[in-house]
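Read through the structure below, which is laid out as structure tokens, and then see the notes.
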Amino acid sequence: MATEVAGALGLLWGWLWSERFWLPQNVSWADLEGPGDGYGYPRARHTLSVFPLAAGVFSVRLLFERFIAKPCALHIGIQDSGSYQAPHNAILEKVFVSITKYPDERRLEGLSKQLDWDVRKIQSWFRHRRNQDKPPTLTKFCESMWRFTFYLCIFCYGIRFLWSSPWFWDTRQCWHSYPYQPLTSGLYYYYIMELAFYWSLMFSQFTDIKRKDFLIMFVHHLATIGLITFSYTNNMVRVGTLIMCLHDVSDFLLEAAKLANYAKYQRLCDVLFVIFSAVFIVTRLGIYPFWILNTTLFESWEMIGPYPSWWLFNGLLLVLQILHVIWSYLIVRIAFKALIRGKVTCPRRIRPRLCTLHSFLTSFLFSMPGGSWTVSSLACIQG
């Protein structure tokens, strides 16, 4: 029995690490065992080092939020206190928990007669009760400040590293002598740190603010980890660094806009969101397809030819481009609907468009953790 299980596990392991899937023709894992230069060649076992590093990143985050982010939040006036607590009422609590958090007019009138309360008082109770379930602004500010700091630092490191890398200026260098492209210390640290950060987000998601899009973000982090690990295992790390840096440039701008929103710097929030939208659209709809996909699809085909993991890698990148199109459309739709509503609902105000745009941005930013589109964002757009 033990022999059969061991044989089955051996077949499964061989299938998972089949050279014909992962590597081009006439290349074996043994060929990549040599030291090469610097840190040798990327191997899957290297990614095991990210787990203690991810724990370290999470520990640094806790210290950062407590000793840096929180004092900054208090300094700019964000209060370290919870929202107003709605007075306990068994009937209203039962309706809130079991039936609806947003009672319609008919139900409000029925509750008014039952409790002998004014309708506005009941509406106020439900509003305060809903606010009780919302995380305090101070906590959200600290989380966003940590992500902003990391995204900005890793983006600056990525630009500094890539500036001296030949494949940044000539993407054909991503495939020159592939897969015999040894690691350098800078490339290794860049890749492992990005991977460790997303693993830390995976861990911290269970202790962070519970959002409506918990499952979606869990899948998002899992997919990101999978794509980074996949590209590292088959040594597509050069083009991988380009992809990571390209995505980081808009992530820290989004977190900066969220920080301004939490701090109630409305004009700064609007400006940062406009910059974020422009950068997002330019990088995801312009640079990504014409620079990244061009080299992964056409230049790599010409220089190394397709093989099974090549098809999977490019398939994932094409799916990512489809998501870029969807996210860009929704961002533009937010701005367009804000302008239209501003024009219709408050034509006599001095700055109706900016006011309405800010209200849309507030809903958008509060519902976007980590720069990815969420269920709550879609709900905001639809209604």
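Glycine residues also receive a Cβ, built from the backbone N, Cα and C atoms like all the rest.
The following features are taken from TrEMBL:
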DOMAIN    92-136  domain 'Homeobox'
DNA_BIND  94-137  DNA-binding region
DOMAIN    139-340  domain 'TLC'
TRANSMEM  148-168  transmembrane segment
TRANSMEM  188-207  transmembrane segment
TRANSMEM  214-233  transmembrane segment
TRANSMEM  271-291  transmembrane segment
TRANSMEM  311-332  transmembrane segment
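Across the domain 'Homeobox' (92-136), DSSP assigns 32 helix, 0 strand, 13 coil. Contact counts against the transmembrane segment (188-207), taken as Cβ pairs under 8 Å, peak for 214-233 among the stretches 214-233, 271-291, 311-332. Mean model confidence of the domain 'Homeobox' (92-136) amounts to 81 (pLDDT, 0 to 100 scale).
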